[in-house]
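A.B. asks: My structure is below; once you've seen it, I'll send some questions.
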Amino acid sequence: MERRLEDNSQLCINASVSDSFEQDTSSCSYICCHPKGSGHRFIALFFMCWLGFGSYFCFDTPSSLINTFKEDLHLTNTEFSLLYSLYSWPTVVLCVVGGILVDSVFGIRLGANIYMLITLVGQVCFASGALFNVFWLMVLGRFIFGMGAEPLAVAQNNYAVLWFKGKELNMVFGVQLSFARLGSAANFWVMEPVYDWMKEYYTGYKCLGIVLFIATTTCLLSMICSIILGCIDKRAERILRRNENTPKEVIRFKNVKEFSLHFWLISIICVSYYIAIFVFISFGKEFFMKRFGLSSDAANKVNSMIYLISSVGSPVLGFAVDKIGKNLFWIILSIIATICGHYVLAFATWNPYIGMVVMGVAYSLLASSLWPLVSLIIPEHQLGTAYGICQSIQNLGLALGAIFAGKIVDDYGHIWLEVFFICSLFISLVASIIMLFFDTAANGPLNMTPAQRDRHQKSVLAAQALEREKLISAGVASSTSSSQDLLNSNSDFHIRNRYLSRIGAPLPANYDITMKGLAYRALR
């Protein structure tokens, strides 16, 4: 009884706090302190962006100091490649597993903290291996780093959807992409000067180890931001009462087969398009030196244009997509523009900056338009799994694409490599056109304007409300629920699934139509 009174009093306190905020939605306290206030949401976004900054910064340290790694640690090319391959291959599976754990076991807050801690530990091991010249410890560190960094990106995407779904989601994904690319670019800008500075005090592998520990401070900063963001989200959950009267829906991996065709088309677009961007960048320096006769420094500057443009253009273009909508149209336009960019680089004699600028703008627009579509077609309780599958497919495609691209360069040269990239882009173009056709035929929301999506959502809710009234008027009730159960808020989940069953839509495999919810509950 005392426990119940304490819970009731806590609910009253939370309600009074929420009501006090909602008295004046235009007040500064509401905008900055209430979870529904735009200012408070963008405070959360600030920490979301810094959450992934450290992992992106530290990921590229071997590339920015490639000559230093080989000289100070006496590494062969094969040994150096292990620092990347042992990061990439495990993530093919770990992204999916990490997404499922976020959905069904950890939750977003705990999952983000755990994955960020794993990332930090991996970077510490990597830096320690360099400091003591222990190569196996460096390889182990990169393996652990990959175990945390890729699932961390899944948790970061879930945070964005949780706070911004239905609002500025396209812009938010653009801002997160901007910070990610800023972290990668910052690594190339500062690591070499930092190494030159530390050479005045240390030499050899000890100098490299100290420099890597300095880079590790970015992961420590991200760890602090993850904890702060978790506290902000926990407070928002309490004030908004997110989990009250909301059934916990269980996640089972076999339910992945119920994902719609649109999701798999998005995955195809993701992997085939990103091959033409990231694999190209990995071979870009050599391509520009041979194709256009540029110096090493000039080739690096041209090759970095995609990162630089996306760090600025992604939030701007994401904001535009939020206001205009029509995501599939922008995706198709981005793919066509990227094809044109590769064509210019391969077959025209124009300045290479033209092709790279076109590709940078197109990449920013596609990333801001593509990733938010997942939240429109996948239930919220499965978003971690969905984003994990997307990233796993992407990592697998990039790993295989890099191997295939290297074989093409060795046997046929860089021009045929460009042909390979253009063919990959045509695959993504065909997939996007197919998705547009099916979405338009089904009057789906993927290519609607924001106003059209609002009307579409209202019509769906109206149809569900009508079905609810029909069920209540017909006296539909299970043996385990009363008439009152159908009238309370807990019945929304049950009514929704009964409505879906009426129209022939697929239901979760573990849903029992005679029960109010699922047969099992998620471990949260």
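Using the three backbone atoms N, Cα and C, a Cβ is placed for every residue, glycine included.
According to TrEMBL, the protein has these features:
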{"type": "TRANSMEM", "residues": "42-62", "note": "transmembrane segment"}
{"type": "DOMAIN", "residues": "44-443", "note": "domain 'Major facilitator superfamily (MFS) profile'"}
{"type": "TRANSMEM", "residues": "82-102", "note": "transmembrane segment"}
{"type": "TRANSMEM", "residues": "114-137", "note": "transmembrane segment"}
{"type": "TRANSMEM", "residues": "210-232", "note": "transmembrane segment"}
{"type": "TRANSMEM", "residues": "261-284", "note": "transmembrane segment"}
{"type": "TRANSMEM", "residues": "304-321", "note": "transmembrane segment"}
{"type": "TRANSMEM", "residues": "328-347", "note": "transmembrane segment"}
{"type": "TRANSMEM", "residues": "353-374", "note": "transmembrane segment"}
{"type": "TRANSMEM", "residues": "386-409", "note": "transmembrane segment"}
{"type": "TRANSMEM", "residues": "415-438", "note": "transmembrane segment"}
A.B. asks: For the transmembrane segment (42-62), which stretch among 114-137, 210-232, 328-347, 353-374, 415-438 has the most Cβ pairs under 8 A?
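C.D. replies: Checked against 114-137, 210-232, 328-347, 353-374, 415-438; highest Cβ contact count belongs to 210-232.
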A.B. asks: Name the range, of those listed as 304-321, 328-347, 353-374, that has the largest tally of Cβ pairs under 8 Å with the transmembrane segment (415-438).
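C.D. replies: Most contacts with the transmembrane segment (415-438): 328-347.
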A.B. asks: Restricting to the domain 'Major facilitator superfamily (MFS) profile' (44-443), what is the model's mean pLDDT?
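C.D. replies: Taking every residue of the domain 'Major facilitator superfamily (MFS) profile' (44-443) together, the mean pLDDT is 81.
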A.B. asks: Same chain, outside the transmembrane segment (328-347) by at least 6, Cβ under 8 Å from its Cβ: which residues?
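C.D. replies: 269, 273, 276-277, 280, 287, 291, 321, 354-356, 358-359, 361-363, 365-366, 368-370, 415, 418-419, 421-422, 425-426, 428-429, 432-433, 435-436, 439, 446-447.
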A.B. asks: Of the listed stretches 114-137, 210-232, 304-321, 353-374, which one has the most C-beta pairs under 8 A with the transmembrane segment (261-284)?
C.D. replies: 353-374
